Amino acid sequence: MGIKAEEISSLIKQQIENYESELKVSEVGTVIRIGDGIALAHGLDNAMAGELLEFSNGVMGMAQNLEEGNVGIVILGPYTDIKEGDEVRRTGRIMEVPVGEELIGRVVNPLGQPVDGQGPINTTKSRPIESPAFGVMARKSVHEPLQTGIKAIDALVPIGRGQRELIIGDRQVGKTSVAIDTILNQDGENMICIYVAIGQKESTVRGVVETLRKHGALDYTIVVTAAASQPAPLLFLAPFAGVSMAEEFMLQGKHVLIVYDDLSKQASAYRELSLLLRRPPGREAYPGDVFYLHSRLLERAAKLNETYQNGSITALPFVETQAGDISAYIPTNVISITDGQIFLQSDLFNSGVRPAINAGLSVSRVGGSAQIKAMKKVAGTLRLDLAAFRELESFAQFGSDLDKITLAKLERGKRTVEVLKQDLNKPLKVEKQVAILYALTKGHLDDIPVQDIVRFESEFLSWLDSNHTNVLDHVRTTKELAPDADYVAALTEFKKTFAKSE
């Protein structure tokens with residue numbers, strides 16, 4: 001049986017009509033040098049700054065140095081399988097992270113991938129990790145309080161929503177504890193928290209996650225972690241990933257608290273990358289743009305106006321000092337970028353004053369306008385009194401014949417120090433802080449022995465909860481101080497039942 005020529009030609013025509021010429025064009029370069037998490041590639045002439053590049057083994061990289069003949073790439077993953085001569089391909093995408101509600105309650109790495117073993121995260125949106133900060137006209141001045149639940153902070157260095165408040169101090173002085181207590185205190189405050197751990201031990205991060213879970217705070221918290229064992233590029237990217245997640249919520253009109261723990265390690269990781277990329281070193285071998293690294297990150301924290309639904313990001317960056325030296329390079333940089341700093345001192349910490357906040361060196365440049373009226377009234381002079389007490393205390397060590405006024409100031413100062421002490425993971429609601437600070441500043445604690453102050457406080461606040469809730473409710477609802485008569489009546493009544501130690 002013969003095949004007709006027409007049939008053959010119609011079959012060929014049919015095949016030609018169905019043929020789709022799919023030609024995939026991608027720009028490919030060649031790795032010419034590799035080592036220490038950095039690759040140098042030739043041939044990617046049109047690569048963009050910060051573009052994602054894909055190596056032949058599937059590992060991603062990020063274009064950092066764009067030079068005439070080659071591109072310096074930081075590798076975002078294991079680099080041991082990449083060799084000279086391997087292909088590296090442009091993706092045309094800028095580095096992005098997944099964002100959205102689905103991340104809440106999860107622990108992720110700086111690329112947004114889950115590391116808590118609880119399955120994949122099905123997000124639908126992503127945001128670029130680098131985006132310009134909002135301009136002047138999109139912002140609003142800080143005016144709403146962010147209650148940390150820590151008496152020493154809410155009274156002396158108040159923080160407002162949209163503020164950047166640096167927490168600075170040596171290692172092991174309770175910086176992380178301040179942040180965790182602040183996160184725990186946001187329960188019921190309609191606040192989303194993001195904790196970014198940079199270069200921490202994995203065991204430490206695990207401890208933080210367990211603390212948050214135990215107190216139910218993981219229900220409104222995202223943990224972003226780049227552990228000490230991970231490559232430097234991930235440590236450098238972690239804060240940017242965290243703030244991109246925060247911006248998504250801010251643009252929906254929500255309030256976000258983001259903690260960077262800590263930026264000294266991010267600066268070290270960036271220094272490592274820059275030196276490996278052969279960028280010229282500056283002071284303390286940091287690259288020239290290390291200030292810009294932190295300023296562009298922290299400027300993304302803002303309080304937005306009505307046009308952007310009044311959302312806010314409040315940032316608590318940490319910086320670790322060496323032997324209390326706050327005049328080093330990174331500390332002075334971040335102090336000049338932020339709206340104030342809380343200085344934690346190891347001497348105070350070791351002498352049992354915890355949180356170890358140095359009232360003299362700590363300052364909040366914009367938080368005063370966000371403080372509630374009740375707190376303003378009771379804590380107005382507290383800062384100055386405490387600073388004066390520290391001065392008098394060192395002076396009083398040398399002389400015994402002090403006049404009555406000086407002695408009274410010293411006694412009041414000792415009680416102030418006791419009242420500002422606080423246990424770990426026990427944040428205090430603002431109405432209770434106001435009650436105990438009222439008792440202190442109005443002289444109601446002057447006849448209580450110093451060693452009984454802590455016990456007096458806990459018993460008095462429990463007693464108020466049961467017997468005089470009107471005082472607490474008034475502050476909670478109106479943000480104003482309850483009438484003096486109510487406080488005096490409550491204190492007088494309670495003091496009759498309080499047993500002083502001998």
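Each residue, glycine too, has its Cβ placed from N, Cα and C.
Copied over from Swiss-Prot:
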BINDING   Gly169, Asp170, Arg171, Gln172, Val173, Gly174, Lys175, Thr176  ATP binding site
SITE      Ser362  site 'Required for activity'
Exercise for the section: Check each residue in the chain of Ser362 (site 'Required for activity') that is at least six apart in sequence and keep those whose C-beta is under 8 Å from its C-beta; list them in sequence order. Expected result: Leu156, Val157, Gly340, Gln341, Ile342, Phe343
Exercise for the section: Work out the three-state DSSP category of Arg171 (ATP binding site). Expected result: coil
Practice task
Let me know the DSSP-derived helix, strand or coil state of Thr176 (ATP binding site), please.
Solution key: helix
Handout entry: Spatial neighbours of Gln172 (ATP binding site) that are distant in sequence (at least 6 apart) but have CB under 8 A
Key = Ser346, Phe349
Handout entry: Lowest local Cβ density (other Cβ within 10 Å) among binding-site residues: Arg171, Lys175
Key = Arg171
Exercise for the section: Please report the number of other Cβ atoms within 10 Å of the Cβ of Gly169 (ATP binding site). Expected result: 28
Exercise for the section: Enumerate the residues of the same chain, Gly169, Asp170, Arg171, Gln172, Val173, Gly174, Lys175, Thr176 excluded, that satisfy the criterion Cβ within 8 A of the mean position of the Cβ atoms of the recorded ATP site; list them in sequence order. Expected result: Glu320, Leu344, Ser346, Phe349
